[in-house]
Amino acid sequence: MTAAQRLLTVNGERIAFVAGIRTPFAKQATDFHGIPAVDLGKMVVQELVNKTGIDGDWVEQLVFGQVVQMPEAPNIAREIVLGTSLPVGTDAYSVSRACATSFQSAVNIAEAMVAGHIRGGIAGGADSSSVLPIGVSKRMARALVDLNKAKTLGQRFSILKRLGFKDLLPVPPAVAEYSTGLSMGQTAEQMAKTHNISREDQDELTVRSHQKAHAAWEAGWLSDEVMTAYPEPYKKHLSRDNNIRGDSQIEKLAKLKPVFDRKHGSVTAANSTPLTDGASAVMMMTESRAKELGLPVLGYLRSYAFAALQVEEDMLMGPSYSTPVALDRAGMSLNDLDLIDMHEAFAAQTLANMKMFASDKFAQEKLGRDKAIGEIDMDKFNVLGGSIAYGHPFAATGTRMITQTLNELRRRGGGVGLTTACAAGGLGAAMIVETE
């Protein structure tokens with residue numbers, strides 16, 4: 001077990017979250033069709049600065065992430081600085097940790113504060129599944145390089161003769177793991193079968209997610225953390241997530257066919273997160289800097305942990321590996337938590353992780369621990385719904401979850417919450433936050 005640690009700056013201050021905001025999340029090729037991630041990122045960071053009313057000079061660093069990267073803007077963080085009111089001298093760099101990317105960006109800001117390098121910064125992430133880097137085949141790519149080097153017409157003709165019709169076809173971004181060739185959906189199917197996750201249980205979690213997210217919107221609980229977006233060419237706006245289905249019903253979901261194993265599978269388009277466009281960001285400061293600027297504090301970062309695991313099987317079990325470490329570092333148990341927010345990449349993955357939280361066998365064989373961290377209290381779990389309902393712009397989900405959890409804790413009068421996510425490549429993230 002990891003010993004409890006106090007996450008403090010060199011001056012003994014806590015790391016504070018002072019504000020968080022996100023765009024509405026939109027399904028692929030809908031309201032944000034044609035809007036690149038960098039523009040979504042600019043939109044949300046500018047809104048965050050406007051919301052706090054601070055001078056941009058107080059933002060000493062911007063760490064931002066993008067999973068589906070565009071070759072023309074490889075450092076999305078720097079492009080955001082150059083495209084907003086932040087001073088041109090603002091330090092900015094980009095990170096990527098698949099679906100845990102904005103957890104990583106928030107941790108990087110926190111670590112810079114712990115080291116005493118900065119007292120305030122912005123972390124976040126953005127992704128667009130509607131604006132994708134469509135590539136070319138490997139043979140075509142090599143031919144293009146050779147053509148650029150060729151000096152005569154004959155040399156160029158010789159290079160072109162090597163290409164067949166298939167070599168000319170565009171190549172969409174890969175959906176499979178580079179190391180295994182398995183897609184996330186195939187891994188979710190494997191986890192459902194291995195851990196006996198039924199189709200009915202997956203669909204029930206899906207309906208729960210949509211109904212709770214719909215109820216949260218109807219109650220007005222999300223309106224302060226979701227901006228109204230006016231994407232170019234500014235002819236329309238979006239103020240709510242467009243994937244949430246408040247009328248979702250088990251009977252309707254039961255009619256859908258499996259996607260990844262059509263004969264024996266249970267993972268459908270409905271009980272999986274859809275491809276999504278969106279951006280989110282949080283502003284973080286030391287306690288003293290927030291006080292100097294007169295900014296209210298949403299909450300504090302108590303602890304965090306990342307995990308890496310095998311990719312051939314149970315690749316999306318990251319929360320079950322990272323959460324125990326985050327709890328140990330916070331000096332807490334699962335029962336001490338008031339809220340638990342777990343990223344719902346797939347209902348199957350979510351339910352499998354929930355099982356492993358309570359499995360002594362898993363704890364002993366996989367984690368080297370004496371016993372499991374415990375059974376999840378469903379009254380604390382994803383109380384506002386999860387990614388199945390909201391959608392999942394890969395790099396934006398982490399800071400969406402952090403802001404949402406902090407606001408919900410404050411609405412309930414304070415407490416401690418866990419946010420945790422799986423990520424491609426066999427990665428996991430867990431972060432414990434608290435409010436007063």
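Note that Cβ sites are derived from N, Cα and C of the backbone, with glycine treated the same way.
In Swiss-Prot this protein carries:
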ACT_SITE  CYS99  active site, acyl-thioester intermediate
ACT_SITE  HIS392  active site, proton acceptor
ACT_SITE  CYS422  active site, proton acceptor
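The residue listed as 'active site, acyl-thioester intermediate': 31 other CB atoms within 10 A of its CB, across all protein chains.
Remark: HIS392 (active site, proton acceptor) has PHE25, CYS99, THR273, PRO274, LEU275, THR276, HIS343, ALA345 as non-local neighbours, by Cβ distance under 8 Å and separation of at least 6 in sequence. The Cβ of CYS422 (active site, proton acceptor) lies under 8 Å from the Cβ of CYS99, ALA100, MET315, LEU316, MET317, GLY318, PRO319, HIS343, ALA345, GLN349, ASN353, GLY428, each on the same chain and at least six residues away in sequence.
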